């Protein structure tokens, strides 16, 4: 089975659009700020995609772009936007050249943190509070919900604060059994072949080949790579798709769902601000 992330995203977009319409009918103009520093190709592409998606939802997404910025000036900018009643969500595109992202992201109030990367929002995952969660991790959970997978053994090949760590907690909150694998894990392919679900996010094209999979696997490919002028994932899609239970393609899998989940975070935070 090929899991269609575009369809999952479109279904959620309709619901979110209705929610935004209701909010706008109260006289509020939802607005989000994206801060982009440098000229990283992927960050530029993602920023423009978020602006287009926000426009479809009726959200004003404004891009602030800088060739470079000091840590002090970035913090001043974040504080100004954080204090503005007219700005309801803030995100910093990564990478941030010359600045430790985790050193500045906590300047954003938790309710305006559309990436879900402040210490407050990450910590809340441990308490089963997913009010605002990292969008990629939320997207994986959404995909499993969509295909009605409620339990099982999961191997996550990633331990980053963006994917592996928050996702492991969100899956534990749903009673999945989780194994987190990384560069020092021994015999990863034995772990993945015996798992019901494999989430791969290593940043290496075609990393997950047939030696890692079995016909019981559901493969969730979080990777986004560029190889020979084309976008591809971390899974060797063409060579494993017929040998697994189900798989998300790249593009058209996790990516569209992640992009939509950023705006679910935005709306959750906006509702919190409206309630005061």
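Cβ coordinates come from backbone N, Cα and C, glycine included.
For residue 183 (NADP(+) binding site), applying a Cβ distance below 8 Å and a minimum sequence separation of six or more within one chain yields no residues. The secondary structure of residue 183 (NADP(+) binding site), as reduced to three states from DSSP, is coil rather than helix or strand. Positions annotated as NADP(+) binding site by Swiss-Prot: 158, 159, 160, 183, 224.
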If you count the other Cβ atoms within 10 Å of each Cβ, which of the binding-site residues 158, 160 comes out on top?
158
Fewest other C-beta atoms within 10 angstroms, as judged across 159, 224, which are the binding-site residues:
159
